[in-house]
Amino acid sequence: MSLRWQAALLDPSVPGGWAVVHCRQQFLLDDNGVLFPRDWLKRLDLPLLSEQGLGHFDGEPVFLFELEFSAEVPGARWQGLRQFMQEDDRDLFRLLGYATQIGTWASQHRFCGSCGSPMKLRAGERAMHCPACGVQHYPRLSPSMIVLVTRGDELLLARSPRFAPGVYSTLAGYVEPGESVEQCVAREVREEVGVAIHAPQYIASQGWPFPHSLMLGFHAEYASGEIVPQPEEIEDARWFAIDNLPALPARQSIARYLIELYLARRLGRPEPVLPG
Ligand SMILES: NC(=O)C1=CN([C@@H]2O[C@H](COP(=O)(O)OP(=O)(O)OC[C@H]3O[C@@H](n4cnc5c(N)ncnc54)[C@H](O)[C@@H]3O)[C@@H](O)[C@H]2O)C=CC1
Ligand SMILES: [Mg+2]
Ligand SMILES: [Zn+2]
């Protein structure tokens, strides 16, 4: 784990430190970056929904200002989390990914889902608490599987209509209540491309803040069936030869890691490093 970014519970009633400003997967940015002096931000009269202590970046305390709308701040602009992912600073992306998940959770749990009362931040724990009925809400995490299906020297890759033009990726999907991750892998592969697989092998995992997934990465060998793309979800799916692959997903994604790892093992090349 990196030393530059470390999550921690910080008390927002203590002044000082730095803050990032988030609204709907976007961060405020100026020529000095995304970290603003917190006491200076407080004087700006921003549309604040929630303030959270996040942790330490380069040893300095960092807080989050979660806004109701992306207000204009002179000399600053807004930039999306995906853009930060594609830039090279992994530690900064980890901080911003965490801030996104905490901010989204805090803004969506301002009122109790059971009785409608305003929720309060709990001391000593990352949790929202309803003083009226006692319900607690922790940050939301959605387990999702992601799988590379192969047939010898061929990789089964697919396109969602949301992808950048030409990009093909591994198959992914959310785990449903009552199923194991392995059952989810088999179900999603069947639903999205209509093929059957042999028992999937777990490879590695990755936290993924778009919006709050925990990606559980697998490899599976093809068993039977012809590719039939799921209408709406899958625009196109094909077998690609190992030496003739299409444009692939971002380097920082576990999708890319699963593909690169298979290529490395198959072709006897050095194995890639899992993006943290
Ligand atoms: N890190 C990586 O390399 C990659 C990550 N992913 C992530 O995997 C996750 C799942 O992938 P998809 O193919 O989009 O899922 P999917 O195949 O299950 O279909 C998405 C649909 O599931 C439903 N849904 C949304 N949120 C849900 C939830 N929390 N639980 C159950 N159903 C939900 C919605 O109807 C949505 O349109 C997404 O968060 C996506 O960003 C996907 C590909 C690569
Ligand atoms: Mg899917
Ligand atoms: Zn309540």
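The backbone N, Cα and C atoms fix where each Cβ goes, glycine too.
Note that TrEMBL annotation is computational and uncurated.
Looking at the stretches 173-194, 217-238, the one that TrEMBL records under the feature motif 'Nudix box' is 173-194.
In TrEMBL, the divalent metal cation 1 site is described by Glu192, Glu233, and among Ala172, Ala204, Ala247, Ala250 the residue recorded at this site is Ala172.
Of the residues Arg77, Arg82, Arg90, Arg162, TrEMBL puts just one in the substrate site with Glu125, Tyr138, Gln206, Gly207, Trp208, Pro209, Phe210, Pro211, His212, Ser213, Ala255: Arg82. Among the binding-site residues Cys112, Cys115, Cys133, Ala172, Gly207, Ser213, the ones whose Cβ sits under 6 Å from an atom of ligand 1 are, in sequence order, Ala172, Ser213. Only Ala172, in sequence order, out of the binding-site residues Arg82, Cys112, Cys130, Ala172, Pro209, Ser213 have a CB under 6 Å from ligand 2. Neighbour density for Pro211 (substrate binding site): within 10 A of its CB lie 14 other CB atoms from the protein chains shown. Per DSSP, the secondary structure of the domain 'Nudix hydrolase' (139-262) breaks down as 22 helix, 51 strand, 51 coil.
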